[in-house]
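**Student:** Got a structure for you, questions after.
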């Protein structure tokens, strides 16, 4: 009788968005606490830990991703208004941006091209198939835009979403270390590079470093979304 | 929920909505939220007071921006097969491609800044 009740509760929970949403918040809460405890060591980026915890949980309970996403989509949805909200830090850094518009523009055009070409080039040399290549091309672009690009060029949008997140994690984990090694200290330069190469996850990391780096990363992410949605399909068509 | 927070999130959604409608009407390749961001930015330049209205909601969303990527990240489990088969090209492209992009973008921006600095050093 008791087991039967538990089974019924599980049947209810596994089909309701409540569980997926709550688990997402709990996993992120734990991951974030670990990150704070480790004094913001970039290797313990909360996205990595939270994703790992959730995948382990879903595999253990044999829950399909689709059922999880029924709840996860409420968090995922907020990417839209959060993108709009980037106008605020952008507005606050507008004074500095006005003096830097030319270097920013050139860096964006080159950065977006290199972002697509380096991913496709490396994977092609190492023998990835064409669908993987086309899904990799927009990996540095913010998720909703990258998925749109993948769809248009013949990649797999859901694979692109994952590659985009993994790219963001690489940028967030290694970005600041790389800049230190290269002795690049200017937060506007670091922010622009982070936004072009590692979109929103890089931007989130940049905001932890400074408001200026975050604002420039957010700006670069938004502008490179524009540039990439025009440039990448054209480049890929030309490369064929 | 404070009225400010509510006004802020409403305004963000209105801008996103307008952005989506414009993107579709003009069949732009750029997604709605990005257009919404540009429109909100332009509005902020015209109306100073708006910053206080949007600020609470905006900083709530932006202070935990990484959380919002978690559900998409969990999607990696759907592609374990393909990623396992092509793990070398994929991981090399992710790691080295991203590091190259970070380095090149930063160096290009520094380079152009230096060129410009030389060009008008007498003004400085």
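Yeah, the Cβs are placed from backbone N, Cα and C, and that goes for glycine too.
Sharing the record's features from TrEMBL:
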type     : residues  : note
TRANSMEM : A:6-31    : transmembrane segment
TRANSMEM : A:43-62   : transmembrane segment
TRANSMEM : A:68-88   : transmembrane segment
TRANSMEM : A:100-126 : transmembrane segment
TRANSMEM : A:156-176 : transmembrane segment
TRANSMEM : A:213-236 : transmembrane segment
**Student:** So which of A:6-31, A:68-88, A:156-176, A:213-236 has the most C-beta pairs under 8 Å when paired with the transmembrane segment (A:43-62)?
**Tutor:** A:6-31
**Student:** Within the same chain, where does the transmembrane segment (A:156-176) have neighbours whose Cβ lies under 8 angstroms from its own Cβ atoms, ignoring anything closer than 6 residues to its ends? I mean 6 or more beyond.
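**Tutor:** Counting only partners 6 or more residues beyond its ends, the transmembrane segment (A:156-176) has Cβ contacts under 8 Å with 42-43, 45, 47-48, 51, 131-132, 135-136, 138-143, 146-150, 190, 193-194, 197-202, 204-205, 209.
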